[in-house]
Amino acid sequence: MIIILIFLIIPNIVLSIDYWVSFNKTIILDSNITNDNNDINGVSWNFLNNSLNTLATCGKAGNFCECSNYSTSLYNIAHNCSLTIFPHNDVFGTPYQVVWNQIINYTIKLLTPVTPPNITYNCTNFLITCKKNNGTNTIIYFNINDTNVKYTNESILEYNWNNSNFNNFTATCIINNTINSSNDTQTIDCINTLLSSYLDFFQVASYMFYMIIFIATGIIASIFISIITFLSLRKRKKHVEEIESPSPSESNEEEQCQHDDTTSIHEPSPREPLLPKPYSRYQYNTPIYYMRPLTQPLNPSPLPKLCPPPKPCPPPKPCPPPKPCPPPKPCPSSESCSPPESYSLPKPLPNIPLLPNIPPLSTQNISLIHVDRII
């Protein structure tokens with residue numbers, strides 16, 4: 001297929017033509033010389049390979065074109081001086097030129113088959129894009145509901161549709177060349193797409209809402225537990241301080257007892273520890289003993305069990321015979337003895353009077369009361 005880009009109207013204007021041909025095909029380049037042209041001298045075919053080289057020199061006489069100095073294995077020149085190029089590897093990308101009363105430049109390009117295009121659309125901008133994948137010398141046609149609305153020979157076709165007229169429609173992109181044709185069809189449905197985007201947004205928002213509720217609940221629960229712990233520790237501390245510190249009445253009793261006779265025995269307070277206080281109320285848990293007169297009678301002790309009868313004693317062993325006494329020693333000569341010392345009686349002990357209300361210690365029932373310290 002020959003595509004003429006610039007038509008020759010005025011003489012001596014260069015005409016450029018892109019010639020698309022598939023691989024291993026014979027190429028025919030038209031000289032644009034007709035039978036109306038009379039004898040023409042100086043027709044030449046040239047090719048450009050880093051420099052302009054002459055391929056053949058021809059002359060036309062009547063309906064016959066005669067040329068010389070060209071390779072018949074690669075080229076052939078017809079009666080109207082058109083050039084036929086047989087398939088070979090160096091033909092693509094090589095410019096050819098025919099010169100006579102006018103100049104025509106040919107560019108040989110390889111024609112390749114097309115593959116299905118890609119269709120994409122954007123519901124925000126209402127834009128449809130049709131893009132070519134493979135193929136040369138192609139034309140792209142775009143149809144909406146089997147009606148052609150646009151075409152181009154570029155690689156990308158873009159179309160903005162009217163949202164008021166089209167909401168749910170079928171878009172078809174067709175791409176073809178002289179070798180083959182291919183197409184792709186998409187259903188454009190922006191209503192469902194917008195709804196799905198809204199649903200996705202609401203789903204994400206719900207996830208965020210539940211996450212915020214979960215975090216806020218955890219923070220509130222932590223604050224509530226901290227307050228309860230603080231109040232319980234404060235109450236416990238106050239309770240321990242009340243136990244360790246005596247009441248005002250007990251303090252008065254202790255002061256009154258201090259003014260009494262030091263020999264008197266006073267009743268200890270139930271909260272008065274007889275052991276020294278620990279350095280810290282959390283240091284250790286030590287039982288504290290208090291002495292208090294027993295107000296209730298003691299439980300009667302059970303009767304002792306009867307002892308078994310004594311076992312009979314074995315008969316006594318016979319005594320050995322007595323040893324003879326030694327003879328008495330002679331008494332020393334008597335000396336005058338000193339008169340014995342007179343004996344003085346010991347001094348009587350002082351009589352310490354006891355308080356009339358307090359019986360002697362021997363008559364008091366004293367019990368030990370076990371009190372655990374509360375921590």
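Placement of Cβ uses the backbone N, Cα and C atoms for every residue, glycine included.
Only one of Cys81, Cys173 is recorded by Swiss-Prot as the disulfide partner of Cys130: Cys173. Swiss-Prot lists a disulfide bond between Cys190 and one candidate from Cys123, Cys257; that candidate is Cys123. Of the candidates Asn69, Asn105, Swiss-Prot marks one as N-linked glycosylation site, and that one is Asn105. Checked against Swiss-Prot, the residues Asn118, Asn153, Asn162, Asn168 yield a single entry marked N-linked glycosylation site: Asn168. In this structure, Asn183 (N-linked glycosylation site) is part of a beta strand by DSSP.
Tertiary neighbourhood of the repeat '1' (305-310): none, as no same-chain residue meets a CB-CB distance under 8 Å with a gap of 6+ residues from either end. Each residue contributes its Cα atom, and for Asn122 (N-linked glycosylation site) and Asn176 (N-linked glycosylation site) these two points are 25 Å apart. Candidates Asn24, Asn183, Cys190 (recorded positions) were compared with Asn176 (N-linked glycosylation site); those inside 10 Å Cα-Cα are Asn183. The disulfide-bonded residues in question are Cys123, Cys130, Cys173, and the one with the fewest Cβ neighbours inside 10 Å is Cys123.
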